[in-house]
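The structure appears right after this line, and notes come after that.
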Amino acid sequence: MERIFSGAQPTGNLHLGNYLGAIRNWVTLQKDFECIFCVVDLHAITVWQNPQELRSNIRELAASMIASGVDPEKHVLFNQSQVSAHAELAWIFNCVARLGWLNRMTQFKEKAGKHRENASLGLYAYPSLMAADILAYKATHVPVGEDQKQHLELTRDIAAKFNNDFEVDFFPQPEPLILGPATRVMSLRDGTKKMSKSDSSDMSRINMTDDADTLAKKIRKAKTDAEPLPSEAAGLEGRPEAKNLITIYAALTDIPVADILAEHGGTQFSGFKQALTDVVVEKLAPITSEMTRLKADNAYIDATLAKGADRADAIAQPILREVKEIVGFLNR
Ligand code: AQP
(Lines of atoms letter the chains of each structure in order from A; the text may use other names.)
(Lines give C-alpha, C1' and ligand atoms only; values in the text may rest on other atoms or scores of the structure.)
Protein backbone atom coordinates (compact mmCIF):
# COMPACT_ATOMS: atom_id res chain seq x y z
CA MET A 1 0.00 0.00 0.00
CA GLU A 2 1.13 3.52 -0.68
CA ARG A 3 2.25 5.31 2.47
CA ILE A 4 1.90 8.94 3.49
CA PHE A 5 4.23 10.73 5.88
CA SER A 6 3.65 14.33 6.91
CA GLY A 7 4.43 16.51 9.89
CA ALA A 8 3.89 19.91 11.45
CA GLN A 9 6.05 21.81 13.91
CA PRO A 10 4.78 22.43 17.45
CA THR A 11 5.80 26.06 17.34
CA GLY A 12 2.45 27.51 18.47
CA ASN A 13 0.12 29.85 16.57
CA LEU A 14 -1.27 27.07 14.36
CA HIS A 15 -3.10 28.95 11.62
CA LEU A 16 -5.52 28.61 8.75
CA GLY A 17 -2.59 28.14 6.32
CA ASN A 18 -1.43 25.07 8.23
CA TYR A 19 -5.00 23.78 8.28
CA LEU A 20 -5.87 24.38 4.60
CA GLY A 21 -2.38 23.67 3.24
CA ALA A 22 -1.75 20.55 5.30
CA ILE A 23 -3.98 19.14 8.05
CA ARG A 24 -7.28 19.23 6.16
CA ASN A 25 -5.68 17.36 3.27
CA TRP A 26 -4.28 14.75 5.66
CA VAL A 27 -7.80 14.01 6.84
CA THR A 28 -8.96 13.36 3.27
CA LEU A 29 -5.93 11.22 2.43
CA GLN A 30 -6.71 8.87 5.32
CA LYS A 31 -9.36 7.24 3.10
CA ASP A 32 -6.89 6.03 0.47
CA PHE A 33 -3.49 5.73 2.14
CA GLU A 34 -1.77 4.27 5.18
CA CYS A 35 -0.88 7.51 6.99
CA ILE A 36 1.85 8.48 9.43
CA PHE A 37 1.45 11.95 10.95
CA CYS A 38 4.07 13.48 13.15
CA VAL A 39 4.46 16.37 15.57
CA VAL A 40 7.99 17.34 14.57
CA ASP A 41 9.48 18.68 17.78
CA LEU A 42 13.08 17.96 16.70
CA HIS A 43 12.47 20.39 13.85
CA ALA A 44 10.92 22.93 16.22
CA ILE A 45 14.10 23.26 18.32
CA THR A 46 16.15 24.33 15.30
CA VAL A 47 15.09 27.77 16.56
CA TRP A 48 14.90 28.52 20.29
CA GLN A 49 11.81 27.15 22.07
CA ASN A 50 10.88 27.82 25.65
CA PRO A 51 10.69 24.27 27.16
CA GLN A 52 7.38 24.80 28.94
CA GLU A 53 5.78 26.33 25.87
CA LEU A 54 7.18 23.58 23.67
CA ARG A 55 5.58 20.87 25.84
CA SER A 56 2.25 22.66 25.71
CA ASN A 57 2.54 23.29 21.94
CA ILE A 58 3.25 19.60 21.29
CA ARG A 59 0.03 18.64 23.07
CA GLU A 60 -1.91 21.48 21.42
CA LEU A 61 -0.79 20.45 17.94
CA ALA A 62 -1.69 16.80 18.56
CA ALA A 63 -5.08 17.95 19.89
CA SER A 64 -5.69 20.13 16.86
CA MET A 65 -4.82 17.32 14.46
CA ILE A 66 -7.27 14.98 16.19
CA ALA A 67 -9.90 17.73 16.42
CA SER A 68 -9.50 18.34 12.66
CA GLY A 69 -10.20 14.69 11.91
CA VAL A 70 -6.86 12.86 12.05
CA ASP A 71 -7.70 9.36 13.28
CA PRO A 72 -4.99 8.14 15.70
CA GLU A 73 -6.56 4.68 15.91
CA LYS A 74 -6.64 3.79 12.20
CA HIS A 75 -3.47 5.75 11.37
CA VAL A 76 -0.27 6.65 13.21
CA LEU A 77 0.04 9.94 15.12
CA PHE A 78 3.14 10.48 17.22
CA ASN A 79 5.80 12.84 18.44
CA GLN A 80 9.11 12.82 16.53
CA SER A 81 11.50 12.88 19.51
CA GLN A 82 9.91 9.69 20.89
CA VAL A 83 11.14 7.66 17.90
CA SER A 84 14.94 7.63 17.77
CA ALA A 85 15.11 6.44 14.14
CA HIS A 86 14.55 10.04 12.97
CA ALA A 87 17.70 11.41 14.62
CA GLU A 88 19.77 8.34 13.76
CA LEU A 89 18.86 8.31 10.08
CA ALA A 90 19.27 12.10 9.90
CA TRP A 91 22.91 11.72 10.93
CA ILE A 92 23.52 9.18 8.18
CA PHE A 93 21.84 11.56 5.71
CA ASN A 94 24.02 14.43 6.95
CA CYS A 95 26.88 12.35 5.58
CA VAL A 96 25.09 11.75 2.26
CA ALA A 97 23.76 15.27 1.55
CA ARG A 98 26.20 17.80 0.10
CA LEU A 99 26.84 21.29 1.48
CA GLY A 100 26.12 22.75 -1.94
CA TRP A 101 22.61 21.26 -1.89
CA LEU A 102 21.82 22.74 1.52
CA ASN A 103 23.26 26.11 0.54
CA ARG A 104 20.47 26.42 -2.03
CA MET A 105 17.61 26.01 0.47
CA THR A 106 15.55 29.19 0.44
CA GLN A 107 13.85 28.49 3.79
CA PHE A 108 17.22 28.55 5.58
CA LYS A 109 18.09 31.82 3.88
CA GLU A 110 14.74 33.33 4.88
CA LYS A 111 14.85 32.07 8.47
CA ALA A 112 18.52 32.78 9.14
CA GLY A 113 18.22 36.17 7.45
CA LYS A 114 21.10 38.53 8.02
CA HIS A 115 22.24 36.60 11.10
CA ARG A 116 23.35 33.51 9.23
CA GLU A 117 26.43 33.05 11.42
CA ASN A 118 24.22 32.89 14.51
CA ALA A 119 21.73 30.36 13.11
CA SER A 120 21.85 26.90 14.66
CA LEU A 121 23.54 24.05 12.83
CA GLY A 122 20.20 22.24 13.21
CA LEU A 123 18.39 24.92 11.19
CA TYR A 124 20.89 24.41 8.38
CA ALA A 125 20.53 20.62 8.50
CA TYR A 126 16.70 20.80 8.80
CA PRO A 127 16.05 19.33 5.31
CA SER A 128 18.26 16.34 6.08
CA LEU A 129 16.15 15.55 9.16
CA MET A 130 13.03 15.97 7.02
CA ALA A 131 14.44 13.41 4.57
CA ALA A 132 14.96 11.04 7.51
CA ASP A 133 11.37 11.59 8.70
CA ILE A 134 10.01 10.51 5.34
CA LEU A 135 12.45 7.78 4.41
CA ALA A 136 12.53 6.09 7.84
CA TYR A 137 9.08 4.83 6.81
CA LYS A 138 9.82 4.51 3.08
CA ALA A 139 6.88 6.86 2.57
CA THR A 140 5.77 7.09 -1.06
CA HIS A 141 3.76 10.34 -0.84
CA VAL A 142 4.20 13.52 1.19
CA PRO A 143 1.40 16.08 1.37
CA VAL A 144 2.90 19.54 1.90
CA GLY A 145 2.20 23.20 1.27
CA GLU A 146 4.09 24.82 -1.61
CA ASP A 147 6.72 26.20 0.78
CA GLN A 148 8.04 22.68 1.44
CA LYS A 149 8.45 21.64 -2.21
CA GLN A 150 12.16 22.44 -2.31
CA HIS A 151 12.84 20.39 0.83
CA LEU A 152 11.04 17.44 -0.66
CA GLU A 153 13.18 17.66 -3.78
CA LEU A 154 16.21 17.44 -1.49
CA THR A 155 14.72 14.31 0.11
CA ARG A 156 14.51 12.78 -3.36
CA ASP A 157 18.14 13.76 -4.05
CA ILE A 158 19.27 12.19 -0.76
CA ALA A 159 17.33 8.98 -1.47
CA ALA A 160 18.85 8.76 -4.95
CA LYS A 161 22.40 9.47 -3.76
CA PHE A 162 22.12 6.91 -0.95
CA ASN A 163 20.92 4.27 -3.44
CA ASN A 164 23.66 5.22 -5.86
CA ASP A 165 26.52 5.44 -3.32
CA PHE A 166 25.74 2.05 -1.83
CA GLU A 167 24.59 0.48 -5.11
CA VAL A 168 21.20 -0.51 -3.75
CA ASP A 169 17.59 0.10 -4.72
CA PHE A 170 16.50 0.75 -1.16
CA PHE A 171 14.75 4.09 -0.75
CA PRO A 172 11.74 5.09 -2.89
CA GLN A 173 11.46 8.50 -4.53
CA PRO A 174 8.67 10.10 -2.49
CA GLU A 175 6.17 12.18 -4.42
CA PRO A 176 4.93 15.55 -3.16
CA LEU A 177 1.16 15.94 -2.91
CA ILE A 178 0.34 19.62 -3.16
CA LEU A 179 -3.39 19.53 -2.82
CA GLY A 180 -6.43 21.76 -2.72
CA PRO A 181 -7.09 25.33 -3.78
CA ALA A 182 -5.18 26.85 -0.83
CA THR A 183 -1.62 25.57 -1.10
CA ARG A 184 -0.30 28.98 -0.07
CA VAL A 185 -2.55 31.02 2.22
CA MET A 186 -1.24 34.56 2.45
CA SER A 187 -0.95 37.04 5.32
CA LEU A 188 -4.05 39.15 6.04
CA ARG A 189 -1.80 42.21 6.29
CA ASP A 190 0.28 41.65 3.14
CA GLY A 191 -0.99 39.48 0.30
CA THR A 192 2.53 38.89 -1.01
CA LYS A 193 3.75 37.17 2.21
CA LYS A 194 2.59 33.73 3.32
CA MET A 195 0.49 33.43 6.47
CA SER A 196 3.04 32.35 9.04
CA LYS A 197 3.31 31.33 12.69
CA SER A 198 6.30 33.55 13.23
CA ASP A 199 4.82 36.79 11.84
CA SER A 200 5.07 39.30 14.68
CA SER A 201 1.57 40.62 13.91
CA ASP A 202 -1.21 38.40 15.22
CA MET A 203 -3.56 40.31 12.88
CA SER A 204 -1.72 38.75 9.92
CA ARG A 205 -3.08 35.26 10.58
CA ILE A 206 -6.22 33.36 11.48
CA ASN A 207 -5.24 31.18 14.42
CA MET A 208 -7.00 27.87 14.98
CA THR A 209 -7.63 29.03 18.55
CA ASP A 210 -9.25 32.39 17.66
CA ASP A 211 -12.80 32.94 18.92
CA ALA A 212 -15.60 34.28 16.69
CA ASP A 213 -15.11 37.93 17.73
CA THR A 214 -11.37 37.81 17.04
CA LEU A 215 -11.96 36.16 13.65
CA ALA A 216 -14.52 38.82 12.72
CA LYS A 217 -12.14 41.62 13.72
CA LYS A 218 -9.17 40.16 11.84
CA ILE A 219 -11.19 39.65 8.64
CA ARG A 220 -12.80 43.11 8.90
CA LYS A 221 -9.34 44.68 9.22
CA ALA A 222 -7.71 42.49 6.57
CA LYS A 223 -5.87 44.59 4.01
CA THR A 224 -7.69 45.05 0.68
CA ASP A 225 -7.46 47.48 -2.22
CA ALA A 226 -9.87 50.26 -3.18
CA GLU A 227 -11.51 48.52 -6.16
CA PRO A 228 -14.71 46.46 -5.90
CA LEU A 229 -14.36 42.68 -6.32
CA PRO A 230 -13.95 41.59 -9.96
CA SER A 231 -16.56 39.44 -11.69
CA GLU A 232 -14.03 37.01 -13.18
CA ALA A 233 -10.94 35.22 -11.89
CA ALA A 234 -8.67 37.06 -14.35
CA GLY A 235 -9.53 40.27 -12.50
CA LEU A 236 -7.78 38.96 -9.38
CA GLU A 237 -4.35 39.10 -11.03
CA GLY A 238 -2.19 41.80 -9.48
CA ARG A 239 -4.58 42.00 -6.50
CA PRO A 240 -2.95 39.60 -4.00
CA GLU A 241 -5.11 40.53 -1.00
CA ALA A 242 -8.37 40.10 -2.90
CA LYS A 243 -7.12 36.84 -4.38
CA ASN A 244 -6.18 35.53 -0.94
CA LEU A 245 -9.57 36.23 0.63
CA ILE A 246 -11.41 34.67 -2.31
CA THR A 247 -9.09 31.63 -2.20
CA ILE A 248 -9.77 31.12 1.50
CA TYR A 249 -13.51 31.34 0.90
CA ALA A 250 -13.28 28.87 -2.01
CA ALA A 251 -11.18 26.42 0.00
CA LEU A 252 -13.47 26.45 3.02
CA THR A 253 -16.73 26.17 1.07
CA ASP A 254 -15.55 24.04 -1.90
CA ILE A 255 -17.28 26.60 -4.15
CA PRO A 256 -15.36 27.36 -7.39
CA VAL A 257 -13.77 30.85 -7.55
CA ALA A 258 -15.79 31.65 -10.69
CA ASP A 259 -19.08 31.03 -8.83
CA ILE A 260 -17.98 33.15 -5.85
CA LEU A 261 -17.06 36.04 -8.15
CA ALA A 262 -20.30 35.66 -10.09
CA GLU A 263 -22.10 36.28 -6.80
CA HIS A 264 -19.86 38.95 -5.22
CA GLY A 265 -18.26 40.60 -8.30
CA GLY A 266 -18.86 44.35 -8.49
CA THR A 267 -19.56 44.66 -4.73
CA GLN A 268 -17.36 46.29 -2.09
CA PHE A 269 -15.20 44.19 0.20
CA SER A 270 -17.26 44.87 3.33
CA GLY A 271 -20.15 42.59 2.29
CA PHE A 272 -17.81 39.83 1.14
CA LYS A 273 -15.79 40.08 4.35
CA GLN A 274 -18.96 39.48 6.34
CA ALA A 275 -19.75 36.40 4.23
CA LEU A 276 -16.16 35.20 4.70
CA THR A 277 -16.37 35.70 8.47
CA ASP A 278 -19.54 33.59 8.61
CA VAL A 279 -17.85 30.78 6.69
CA VAL A 280 -14.61 30.86 8.73
CA VAL A 281 -16.53 30.85 12.02
CA GLU A 282 -18.83 28.05 10.85
CA LYS A 283 -15.92 25.83 9.72
CA LEU A 284 -13.45 26.54 12.52
CA ALA A 285 -15.71 26.75 15.58
CA PRO A 286 -16.35 22.97 15.89
CA ILE A 287 -12.61 22.25 15.49
CA THR A 288 -11.64 24.92 18.01
CA SER A 289 -14.09 23.69 20.63
CA GLU A 290 -13.01 20.04 20.20
CA MET A 291 -9.39 21.18 20.40
CA THR A 292 -10.11 22.98 23.68
CA ARG A 293 -11.76 19.87 25.08
CA LEU A 294 -8.84 17.62 24.08
CA LYS A 295 -6.23 20.11 25.29
CA ALA A 296 -7.66 19.84 28.79
CA ASP A 297 -6.96 16.09 28.77
CA ASN A 298 -3.16 15.75 28.85
CA ALA A 299 -3.37 12.11 29.90
CA TYR A 300 -5.33 11.20 26.75
CA ILE A 301 -3.01 13.14 24.44
CA ASP A 302 0.15 11.73 26.04
CA ALA A 303 -1.16 8.15 25.89
CA THR A 304 -2.24 8.59 22.25
CA LEU A 305 1.19 9.93 21.28
CA ALA A 306 2.97 7.14 23.18
CA LYS A 307 0.89 4.48 21.43
CA GLY A 308 1.59 6.17 18.11
CA ALA A 309 5.33 6.21 18.85
CA ASP A 310 5.30 2.44 19.47
CA ARG A 311 3.60 1.86 16.14
CA ALA A 312 5.92 4.26 14.30
CA ASP A 313 8.94 2.60 15.91
CA ALA A 314 7.75 -0.82 14.77
CA ILE A 315 7.78 0.40 11.15
CA ALA A 316 10.99 2.45 11.30
CA GLN A 317 13.30 0.14 13.27
CA PRO A 318 13.51 -2.69 10.70
CA ILE A 319 14.14 -0.10 7.96
CA LEU A 320 16.87 1.54 10.05
CA ARG A 321 18.47 -1.86 10.74
CA GLU A 322 18.67 -2.47 7.01
CA VAL A 323 20.16 1.00 6.47
CA LYS A 324 22.84 0.27 9.09
CA GLU A 325 23.58 -3.03 7.39
CA ILE A 326 23.94 -1.29 4.01
CA VAL A 327 26.20 1.43 5.47
CA GLY A 328 28.43 -1.17 7.13
CA PHE A 329 27.54 -0.69 10.80
CA LEU A 330 27.24 -3.67 13.14
CA ASN A 331 23.65 -4.25 14.28
CA ARG A 332 23.09 -5.52 17.81
N1 AQP B 1 0.59 29.88 4.59
C2 AQP B 1 0.51 28.58 4.33
N3 AQP B 1 -0.33 28.14 3.35
C4 AQP B 1 -0.44 26.82 3.09
N5 AQP B 1 0.24 25.86 3.75
C6 AQP B 1 1.08 26.26 4.74
N7 AQP B 1 1.88 25.56 5.58
C8 AQP B 1 2.53 26.43 6.41
N9 AQP B 1 2.16 27.70 6.10
C10 AQP B 1 1.26 27.62 5.08
C11 AQP B 1 2.00 24.11 5.61
O12 AQP B 1 1.68 23.67 6.92
C13 AQP B 1 2.38 22.44 7.17
C14 AQP B 1 2.96 22.49 8.57
O15 AQP B 1 4.01 23.38 8.55
P16 AQP B 1 4.99 23.63 9.76
O17 AQP B 1 4.41 23.25 11.01
O18 AQP B 1 6.32 23.14 9.36
O19 AQP B 1 4.89 25.12 9.74
P20 AQP B 1 5.70 26.16 8.98
O21 AQP B 1 5.78 25.88 7.53
O22 AQP B 1 6.95 26.37 9.73
O23 AQP B 1 4.64 27.25 9.26
P24 AQP B 1 4.89 28.71 9.21
O25 AQP B 1 3.68 29.34 9.66
O26 AQP B 1 5.42 29.06 7.88
O27 AQP B 1 6.00 28.86 10.33
P28 AQP B 1 7.21 29.82 10.32
O29 AQP B 1 6.61 31.17 10.53
O30 AQP B 1 8.01 29.35 11.48
O31 AQP B 1 7.88 29.66 9.00
C32 AQP B 1 3.40 22.28 6.06
O33 AQP B 1 2.95 21.28 5.16
C34 AQP B 1 3.42 23.62 5.38
O35 AQP B 1 3.69 23.50 4.00
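Here, residue 1 is simply the first one shown, and the rest follow in order.
Heads up, the Cβ atoms here are built off N, Cα and C, so glycines get one too.
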Motif ''KMSKS' region' range according to TrEMBL, out of 69-73, 114-118, 194-198: 194-198
Further ATP ligand in TrEMBL, beside Gln9, Pro10, Thr11, Gly17, Asn18, Gly145, Glu146, Asp147, Lys194, Met195, Ser196, Lys197, Ser198, within candidate set Val27, Val185: Val185
Non-local residues, at least 6 beyond the ends, that sit with Cβ under 8 Å of the motif ''KMSKS' region' (194-198): 9, 11-18, 147, 184-188, 204-206
Overall pLDDT of the motif ''KMSKS' region' (194-198), taken as the mean: 92
Where the C-beta lies under 6 angstroms from ligand 1, the matching binding-site residues among Asp133, Glu146, Met195: Met195
Candidates Val185, Met195: member of the binding-site residues with the richest Cβ shell (10 Å): Met195
Asp133 (L-tryptophan binding site) in three-state DSSP notation: helix
Diameter of the ATP binding set by C-alpha atoms, the set being Gln9, Pro10, Thr11, Gly17, Asn18, Gly145, Glu146, Asp147, Val185, Lys194, Met195, Ser196, Lys197, Ser198, in angstrom: 19
